[in-house]
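Database features, via TrEMBL:
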BINDING   A:G33, A:P34, A:V35, A:G36, A:S37, A:G38, A:K39, A:T40  GTP binding site
DOMAIN    A:29-198  domain 'CobW/HypB/UreG nucleotide-binding'
Amino acid sequence: MHLGHTHDGPAAVSADATRPDGTRRALRIGLGGPVGSGKTATVAALCRELRDRLSIAVVTNDIYTREDADFLLNNAVLPPERIQAVETGACPHTAIRDDISANLEAVEDLEDAVGPLDLILVESGGDNLTATFSKGLVDAQIFVIDVAGGDDIPRKGGPGVTTADLLVVNKTDLAPYVGSDLERMALDAEKQRGGLPVAFTSLTSAEGVGPVADWVRARLAAWTA
Amino acid sequence: MSRAALLVLADGRFPAGGHAHSGGAEPAVAEGRVHDADSLADFCRGRLHTAGLTAAALAAAAAHGLDPLALDAAADARTPSPALRATARRLGRQMMRAARATWPSPELDALAAARPRGAHQPVVLGLTARSAGLGPEDAAHCAAYETVSGPATAVVRLLSLDPYHATAVLARLAPETDRVAQAAAEAARRGIDALPAASAPLLDITAEAHAAWPVRLFAS
Amino acid sequence: MSVRARARLRAEPDGRGGSALPVLESDGPLALRRTRSPRPAYARVTVVGAMSAPLNGDHLAVEAQVADGARLTVDAAAATVALPGPRADADPSTYTVDLTVGEGAVLHWLPEQLVSASGSRLHQITRVRLAPTARLLLREEQILGRHDEPTGALTTRLTVHRAGRPLLDQQLAYGPGAPGGWDGPAVLAGHRAVGQLLLADPAFEEGPPPSRLLGPTAALTPLAGPAVLVTAVAPDARLLRGLLDDATRELLDGLKEDHP
């Protein structure tokens, strides 16, 4: 074979903590959860909250091409070159768990194109309660549910609710209207999650995403320590 | 050769990105050309003998040890559609990642370094088979089978086709898939100039149309 | 009695801004005629079918060389119709075209349609070698069957090398004996006219036209090398030609300087 070598060598295979040039790569956080629970809104709010201090990029996994990416673009939470959509062949959970190759390519391409990055948010397409991210793709994952989806979701559990590094219960402002009992949700979540943190959010106000942003900052501090 | 290694490589769950691609089935379904198990079989048969034969021969040639960069250029010349070239390179890059995690080899590393954005998928597939200790015919079988299993799986999702009917389509195509793989491996033994270049006009044309769709379920 | 014929032609610059034809050899059914070119810098040759050909068992070949700096248009007076011929047991016929285009040279290779009549069997092979600065406009059209008849068996292979590297390699196989699915939803879906239009030009090194659909069954695509290919299928020869003519006009308009 007559193969030339590029200066930066082949790409990393999986979730190696360093990039091919030896620098530490960005922290990758996955956001999953059922359709309509507010994943994209949470991503948008996190970007607005953190973008002044941190270099951020987002990967979306849409069921239909680019819907979530377009929402983020239209809301101008990040410049377009920092948002990349992965096409999932109608199976977003496959792309974040079973075959993560397209997502790994997307995060690496973002680091190459707009890096260095501090944080990459990988958003799953709206799926069901069983969708979780591969550890080969993300360093930590957030599972977003909402009070309108029923206050029995934390009790029912499922891999997302029980194992996510952070459970976000969104749309708390709607609780009185849909008859959801926030205290009961908190208790059930604690029981299911064995002490893993839970954040209650309402994104109707700018500071609503605060608890999630604080958690992300803490993870980032641990990652770069 | 290890027959089990062949099963690992040919497994639809081998994490190399194929699940997001329909192999041209999505536009064929949208045009109404594929609407049931029979038309799916006809679609798969046409794809097998065109794109499938060409891909299988490239894969066999790479497994045989022919220069992967020359094969990559040969694949470019056999792929007039830029959408399909981009797809082939994207999938090649994804296959390369999986290959280097499963059967690492200096040859894979060298090709990854020379084509960091991805070589054509059949070339990477063939080199992967070689790294796994598999032969040209094994590589050809994988490539040929992939060209029909992808559309069959996609059509189950696109048409809610009975999955038993879709799998039966693949089973009935098995003897033809074997023959295509054998022909591809034989051509590969005769060298790069003997590789087939079978093509399907509608696959090329509709791939360009599909790439411009604003909303689609599959990447290709 | 099967026919074996090889026609040859060669174009060279004539030293006065035009092109001469020092070699122009007809053979058997392949009659070559120098005709008046509407483009002043070009020599023009028209292939005149002296008899019906090829019949099964015939072996026809055309060899055209365009020397460095020369310009040549080759066209045809009528469609080529592949026919079965009198002997049922005859081998398939072959039609081989070898084209060589030198540095700074231009070849417009624009034959009429190739019609695969019912019962005929033909392998068509077109091989093109382009120098790095050569320009080529090449059209091929396959019509599957005459009016209201099933197609014959037709395979074609078009291989183009530029500067020694592969630029385009395409094989098509239709009709009785062709691998399954050739008329199915992945390949032709019932269309009976298939065409390719290739324009290779070093000007495309700087960026060929972007990919574009020319209707629901035709696409203009930039190749990996400096060339574009129009791939089209159509219900019949007339509709196909209309598509390819429109594409030709548009492409050449974009390159007026290079193909005066």
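Glycine is no exception: its Cβ is also placed from the backbone N, Cα and C atoms.
TrEMBL entries are annotated by machine, without manual review.
Set side by side, the binding-site residues A:G33, A:G36, A:G38 differ in how many other CB atoms lie within 10 angstroms of their CB, and the most is found at A:G33. Under a cutoff of 8 A between CB atoms, and with a sequence separation of 6+ in the same chain, the neighbours of A:S37 (GTP binding site) are A:G126, A:V144, A:I145, A:D146, A:G149, A:N170, A:K171. In the three-state DSSP reading, A:T40 (GTP binding site) counts as helix. Within the same chain, residues at least six positions away from A:K39 (GTP binding site) with a Cβ under 8 Å of its Cβ are A:L31, A:G32, A:G33, A:D68, A:E123, A:S124, A:G126, A:V144. Within 8 Å of the centroid defined by the CB atoms of A:G33, A:P34, A:V35, A:G36, A:S37, A:G38, A:K39, A:T40, the record's GTP site, lie the Cβ atoms of A:G126, A:V144, A:I145, A:D146, A:N170, excluding the listed residues themselves. Of all the binding-site residues listed (A:P34, A:V35, A:T40), A:T40 sits in the most crowded Cβ setting, with the most other Cβ atoms within 10 Å.
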